[in-house]
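> Okay, handing you the structure first.
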Amino acid sequence: MKVLAAMSGGVDSAVAAARAVDMGHDVVGVHLALSRSASGKRGCCTPRDAQDAAQAAQAIGIPFYVWDFSEEFQEKVIDNFISEYSAGRTPNPCLRCNEHIKFSSLLRRALALGFDAVCTGHYARVFLDEDGTYQLHRASSWAKDQSYVLAVLQQAQLKHCYFPLGATPSKKLVRQEADERGLKVSKKPDSHDVCFIPSSNTGAWLSQRIGRRDGDIIDDLGQRVGSHTGAFAYTVGQRKGLRLSSPAWDGKPRYVLDIEPISNTVVVGPRESLRVDELSGAFTTTGWCFTSRPIECSVQVRAHSDPVSAIAFIRDDVLVVRPDEPVFAVAKGQSAAIYRGTRVLGQLMIDNTKKYASS
């Protein structure tokens with residue numbers, strides 16, 4: 001099989017490429033240049049990362065190239081990130097990158113050049129079912145599982161995905177293997193933050209691009225309790241950094257409950273008001289056919305949160321998910337991954353949430 005290995009400059013993608021070679025595949029390494037800047041200090045798309053990827057490819061013994069996807073990344077990921085926050089929503093840029101860059105733009109180019117699959121260092125597994133369906137499953141290591149950010153992939157993409165690390169029990173073993181292979185990235189730290197925000201201060205980064213927008217912070221009773229310089233700098237569930245001018249009447253902490261972009265208002269209140277009993281919105285599937293008939297499943301609303309048992313069904317052309325127990329601090333724009341056991345059924349882009357009246 002002819003494999004294009006996407007090499008970020010990290011240890012996971014380097015070991016994945018090496019394993020692809022071990023399996024006898026014809027492997028070519030490629031680093032995606034995603035930043036328009038010639039400098040950078042952190043993330044997965046800096047000049048240093050490109051150098052690390054090139055060194056890893058040389059150590060593995062495979063051809064290596066750098067492909068410029070900065071224009072697509074700007075449009076599909078960065079601009080989307082800014083517009084979503086401007087609209088009071090909370091996007092996941094890693095998911096958008098997988099959807100539009102790694103397994104869309106990159107995959108299309110790979111197929112056009114005669115490659116059979118794109119190999120990445122994601123911790124997930126793909127199986128071919130007897131009926132010809134490609135199933136996306138969690139990784140063997142739930143601690144490192146990344147199926148949440150891959151749940152948006154569909155059959156045409158899964159058919160060409162190759163995840164050599166999916167059955168690896170732990171990241172420690174991957175680092176150990178990299179060290180044994182002589183890969184200098186064996187001890188390189190993981191990247192956890194948004195790769196295109198060097199400071200990791202999302203609010204300040206957004207403010208530089210959107211501009212200052214003064215507004216009010218109100219409580220759930222409509223009373224003004226503070227002010228802000230940009231509602232886009234807040235997200236549902238946030239507790240720290242609110243700088244409220246008056247304490248809560250009950251003395252308990254306040255959390256961001258909602259962001260109203262039209263009035264440029266941030267609404268705060270007690271944690272109980274963050275409870276969500278129903279999620280709904282547009283959806284994609286990995287091959288599963290959702291219908292109006294409810295199915296038992298589980299839902300995961302964040303990359304590193306625990307799944308919650310739920311039911312899912314179609315209502316008025318949108319996917320509705322009702323967790324068996326409430327989930328908290330779910331923002332519009334977030335993604336929810338739907339599972340049956342370890343299998344990923346699909347992805348819900350959360351447009352609406354509901355809280356049922358307490359009994």
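Glycine is no exception: its Cβ is also placed from the backbone N, Cα and C atoms.
The feature active site, nucleophile is assigned by Swiss-Prot to C97. Taken from Swiss-Prot, the feature active site, cysteine persulfide intermediate applies to C195, supported by sequence analysis. Swiss-Prot lists A6, M7, S8, G9, G10, V11, D12, S13, L32, G121 with the feature ATP binding site, giving sequence analysis as the kind of evidence. Annotated disulfide bond per Swiss-Prot: C97-C195, in sequence order. Annotation comment: Swiss-Prot describes H122, Q334 as site 'Interaction with tRNA', evidence class sequence analysis.
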> Measuring CA to CA, name the entry from the recorded positions C97, H122, C195, Q334 that ends up nearest D12 (ATP binding site).
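Result: the closest of the recorded positions to D12 (ATP binding site) is H122.
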> Compute the C-alpha separation of S8 (ATP binding site) from the residue listed as 'active site, nucleophile', stating it in Å without decimals.
13
> Taking 10 A as the limit, how many CB atoms besides its own sit near the CB of D12 (ATP binding site)?
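Taking all protein chains shown, D12 (ATP binding site) has 25 Cβ neighbours within 10 Å.
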> Just to verify a number: CA distance, H122 (site 'Interaction with tRNA') to A6 (ATP binding site), in angstrom, no decimals.
10
> For A6 (ATP binding site), which of the recorded positions C97, C195, Q334 has the nearest Cα in space?
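Among C97, C195, Q334, C97.
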> If we check Cα distances from Q334 (site 'Interaction with tRNA'), which of the recorded positions G10, L32, C97, C195 wins as closest?
C97
> How big is the gap, in Å, between the Cα of G10 (ATP binding site) and that of C195 (active site, cysteine persulfide intermediate), rounded to a whole number?
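Cα-Cα, rounded: 13 Å.
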> Quick one: give me the count of other CB atoms within 10 A of the CB of L32 (ATP binding site).
26
> Sort out the sequence-distant neighbours of the residue listed as 'active site, nucleophile' for me: same chain, 6+ apart, CB within less than 8 Å of its CB, listed by position.
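Correct list: L34, F73, K76, V77.
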> Among the recorded positions listed here, S8, Q334, whose Cβ has the fewest other Cβ atoms inside 10 Å?
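The recorded positions S8, Q334 were compared, and Q334 has the fewest Cβ atoms within 10 Å.
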> If the ATP binders are A6, M7, S8, G9, G10, V11, D12, S13, L32, G121 per the record, what's the largest distance between their Cα atoms, in Å?
16
